[in-house]
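Participant: Before I ask anything, let me first share the structure, which is written out below as structure tokens.
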Amino acid sequence: SNLYFECSILYTFLLTISCSYHILCFCLQMGWGDLGVFGEPSKETPNLDLMAAQGMLFPNFYTANPLCSPSRAALLTGRLPVRNGFYTTNAHARNAYTPQEIVGGISQDEILLPELLKKKDYVSKIIGKWHLGHRTQYLPLKHGFDEWFGSPNCHFGPYNNSVRPNIPVYNNSEMTGRYYEEFEINVKTGESNLTQIYLKEGLDFISQQAMAQRPFFLYSAPDATHSPVYASERFLGKSQRGRYGDAVMELDDSIGQILAHLVSLGIHNNTLVFFTSDNGAAVMSGPHQSGSNGPFLCGKETTFEGGMREPAIAWWPGRIPAGTVSHQLASVMDLFSTSLSVAGVLPPNDRVIDGLDLSPVLFNNSLLDRPIFYYRGNQMMAVRIGQYKVHYWTWSNSWEEFNTGINFCPGQEVPGVTTHTQEEHTMQPLIFHLGQDPGERYPISVQSEEYRDVHRQVTAVVEQHQKDLIPGMPQLNMCDLAVMNWSPPGCEQLGKCLKPPESNPWKCVWPH
């Protein structure tokens with residue numbers, strides 16, 4: 001079942017505030033080790049490397065979940081998935097997302113970033129993958145975005161429309177076609193023009209808002225780096241890293257064009273651009289369909305460093321000092337709070353916001369004291385404070401999956417750490433010093449004074465976190481074939497409506 005194949009995306013957050021413009025580039029499952037500036041030897045990301053040289057690089061930047069949908073919900077709400085409801089309670093410590101079968105989506109009780117930016121008259125657009133629910137009430141234009149060109153799900157398929165419909169592509173509130181139909185993706189060759197289509201949408205939007213002198217927020221979420229990876233003809237076969245590398249090269253070129261466009265319009269000094277990814281590289285997809293997590297352990301779907309530490313770059317000429325590296329522990333949730341801060345908008349005061357305002361970091365290279373929490377479902381698996389990471393639970397994936405050839409940590413199995421059963425370490429956590437051991441291979445001796453000191457410090461932080469935690473209502477528990485993308489808005493005009501099966505809901509099964 002495709003319920004078992006989750007979709008992640010690299011997002012570029014184009015955030016332009018007054019700073020008048022915000023751009024967030026949020027890419028799909030792009031790994032920490034995929035950028036030349038982080039040591040990727042082929043050096044095929046010259047534009048991102050230049051962006052880092054002109055801005056601020058974050059080697060200690062994290063997503064809020066090792067899977068795409070929860071990390072996107074966290075980005076746009078500033079809240080951990082366990083608070084905003086993007087998790088499941090159907091089984092312990094399971095990653096869950098929004099496949100076509102999902103009944104739920106982003107809660108109406110959550111307040112998303114574009115809704116808040118409206119207080120300062122921002123025009124907001126999302127380009128690419130949404131992945132916070134595909135039923136009409138969950139779509140972007142119902143949650144603060146003014147424009148959308150993209151898809152509610154990832155480019156899975158092609159499907160037999162009598163059993164499983166192809167994913168629709170929307171232009172604002174109505175579909176304009178479907179993947180593998182009007183929007184071709186050649187699975188055999190990997191050729192697709194989608195990244196170029198998304199780039200044109202972004203450049204046109206920037207031009208329109210700049211000409212009208214309107215503040216804007218552009219959320220760019222291309223999905224070319226998700227299996228099955230794709231690239232346009234000009235980039236196919238150009239990378240030393242195979243088809244995945246081709247996709248990365250094209251995304252890098254797109255970001256270079258966006259930054260150059262800002263300069264040509266003369267608005268670069270008023271624009272905050274942030275680039276990061278929604279989760280680590282999907283190393284279980286193999287070397288031709290996934291990236292590199294550098295020195296870090298495992299990848300997507302795990303709460304080891306490879307699953308949640310992301311490449312991240314902030315760019316704002318004239319405001320962010322060029323060529324700086326911040327060792328701040330930072331999170332995608334911080335982009336919510338930082339965006340509001342630079343736009344002059346107060347965050348909601350009726351809920352816990354997990355994101356920090358990184359303005360002091362961006363403008364003064366300050367360091368803020370804060371923990372990083374690693375969740376899988378509604379289970380806190382680990383926490384990082386300073387250079388130390390403490391694991392309370394370990395699990396890569398089940399023996400059942402592993403024995404079928406699905407391996408979340410290929411070539412990186414660490415005895416007692418990358419366990420294939422869920423192992424609880426609450427009474428005696430595994431503690432690693434990530435500065436000395438970024439690969440999480442050598443736990444600190446429980447008999448050492450160092451261990452006792454770290455354990456004592458982290459225990460106090462965890463106890464306070466759990467005391468204050470009020471979980472949101474889980475949104476990812478129920479599935480139903482009848483809610484798939486059979487008849488999206490706009491299908492009538494295109495003659496693309498399909499007949500759904502009868503409703504027969506069940507509790508979703510999440511094996512990972």
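Placement of Cβ uses the backbone N, Cα and C atoms for every residue, glycine included.
Annotations per TrEMBL:
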DOMAIN    30-345  domain 'Sulfatase N-terminal'
ACT_SITE  Cys68  active site, nucleophile
BINDING   Cys68, Asp278, Asn279  Ca(2+) binding site
MOD_RES   Cys68  3-oxoalanine (Cys)
ACT_SITE  His131  active site
CARBOHYD  Asn193  N-linked glycosylation site
Participant: Measure from the Cα of the residue listed as 'active site' to the Cα of every one of the recorded positions Cys68, Asn193, Asp278, then give the nearest.
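Facilitator: Ranked by Cα distance from the residue listed as 'active site', first place goes to Cys68.
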Participant: Cα-Cα separation of Cys68 (active site, nucleophile) and Asp278 (Ca(2+) binding site), in Å?
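Facilitator: Cα of Cys68 (active site, nucleophile) to Cα of Asp278 (Ca(2+) binding site) measures 6 Å after rounding.
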Participant: Would you count the other CB atoms within 10 A of the CB of Asn279 (Ca(2+) binding site), including those on all shown protein chains?
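Facilitator: The answer is 33.
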Participant: Of all the recorded positions given, Cys68, His131, Asn193, Asp278, which has the fewest Cβ neighbours within 10 Å once its own Cβ is left out?
Facilitator: Asn193
Participant: Rounded to the nearest Å, what's the C-alpha distance separating Asp278 (Ca(2+) binding site) and Asn193 (N-linked glycosylation site)? Just drop the number here, would you?
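Facilitator: Counting only the Cα atoms, the answer is 22 Å.
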Participant: How big is the gap, in Å, between the Cα of Asn279 (Ca(2+) binding site) and that of Asn193 (N-linked glycosylation site), rounded to a whole number?
Facilitator: 24
Participant: Just to confirm my parser: what is the rounded mean pLDDT across the domain 'Sulfatase N-terminal' (30-345)?
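Facilitator: 97, rounded to a whole number.
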